[in-house]
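A.B. asks: For reference, the structure I am asking about is given below.
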Amino acid sequence: MDGASYGRYRALSGDWDFDDHTLTVERVQADPYAPPSRVAVRIPAEVAGLPDHAWRSPVRRRATADYLVRRAHRLLKGARLRVDVGGQEVLDRSACRIDDDGGVVVRMGVELPGHGRRIDGHAAERELCERVPELVDGLCWEALDTADATSFADTVEDAVALRAMLPELGLVAFVADGSVLPRRSGVSDLPMSGDPVPFVSPESLRVTVRLPHRGQVSGLGVPEGITLIVGGGFHGKSTLLHALERGVYDHVPGDGRELVVTRADAVKIRAEEGRRVERTDVGAFVRNLPTGADTGDFSTDNASGSTSQAANIAEALEAGAGTLLVDEDTTATNLMIRDARMQALVHGDREPLTPFVDLVRPLHRAHGVSTVLVMGGSGDYFDVADQVVMLDGYRPYDVTEKARELARPRTDARFHPPARRVVDPRSVDAQVRGRHRIKRRDMDVLTFGETDIDVRHLAQLVDPSQITGVGLALRTLAEDGILDGRRCLGEALDLLEERLDSGGVEAIGRGYAGDYALPRRHEIAAALNRLRTLRVSRVLRDRE
């Protein structure tokens, strides 16, 4: 093939059997400037040699697959072959699969080499016939640092076990003593270098647990209810909240947040001015708009800060959020607080907004939804907080009793759960002229069909590959009949989650490359709600 027209590479398509692996060329790029070709390497179980303890449980299978992807990334340094490797989180990703018999499949992209539009056969041979066998040798269990691989899976298994303990302990989150929460920079999720301050829990909020591998561990237990995080600027309030929002995921050893875990249904809430809202019930927060719009069935193409935040809360609850994570720095002030002097000047009958401070307590007491809130500029939330943690030099202190001395009696509003919505599946279309178009642009945009979805503000999307996963999940919802025009959105998400629990990341793939990772139901719902073609066909009140 050397020197032939680049199109001759198509002859490589299909399976190629070698002594210890099978190379499958799944897609061949049209020319040297097109997106990379896709290949998969299948290593039989007897060659891979993975012991049962590395993959028999779903948790350890995910962890070991992630470990192998990271190893493959290091082995392929300098090659044209590329594997989709993750960051600090351990995700279920399509780049590596461990089969039920212990065999391993690694999916990669490869830029097939050429001289202009002519095949460079010698370079292609080096990639496919030399680098791939070297990769296979390097991924076999006997070639690994087996103690390191086992420790990696143990770390993930401990985090999963700890997260499962939280409801029984009455906690929404746990931060282990000794954790390193600060990150290296605003653009790096690596732990801070140098001599960062390790986390030490206040004795009054310290909880001790026993984990399968780490044994006895102590740390801050964040109780159910309303937890207020206060303190001066630059003392670590937002850093702690950021660690909690990432605590819905497991982390790699050495990250510093391996045992910072949060319930899986925790959702970060913020204002998002300019976003579209489609028939969302924001009536608990907004009423009597001057325009006369029905806030129980509210739509806009350009939401304000307050209405966008109200919609974000309502939509998160609709998707099943059990804990809300809120930082005052990214909220709409007029939806968070309304002090007595402002109330005296602007009477209630002229103010359409019910502030969150009046709703956060009934949200928990009547509906079981907890809130963790960073607040540094107002003491109004002292009146409703169940516990108050102050950060001082990155050290947490329990100041609940002192805050209660400053609290004032407050009359709560009544919180009405948001109405359920039924999505018109025809409005969720991934196709353009008969072909699917699902692409991501960095961490900012998901192109879904003919529409760009702005996902910049979805703080718990932590990996670009998850954005592709969101697009594939939306396609699955619409094309597999899960959104059927009868089920409400929450029921559809339940059904999708069941499919993902049983089938893993490949349940949404259907032939897509090895460059997507599993998102949570909450980010899938959030992206759907930001799809500007979305149409809701019915809004269901509690009685329906």
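Using the three backbone atoms N, Cα and C, a Cβ is placed for every residue, glycine included.
Keep in mind it's a predicted model, so treat the numbers as computed, not measured.
Annotations per TrEMBL:
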DOMAIN    2-137  domain 'ATPase of the ABC class N-terminal'
DOMAIN    150-416  domain 'ATPase of the ABC class C-terminal'
DOMAIN    437-536  domain 'MRB1590-like C-terminal'
A.B. asks: Using DSSP, what is the helix/strand/coil residue split across the domain 'ATPase of the ABC class N-terminal' (2-137)?
C.D. replies: 49 helix, 37 strand, 50 coil
A.B. asks: Based on DSSP, tally up the residues of the domain 'MRB1590-like C-terminal' (437-536) by helix, strand and coil.
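C.D. replies: Looking at the domain 'MRB1590-like C-terminal' (437-536) with DSSP, the answer is 44 helix, 14 strand, 42 coil.
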A.B. asks: Would you report the average pLDDT that the model assigns to the domain 'ATPase of the ABC class N-terminal' (2-137)?
C.D. replies: 96
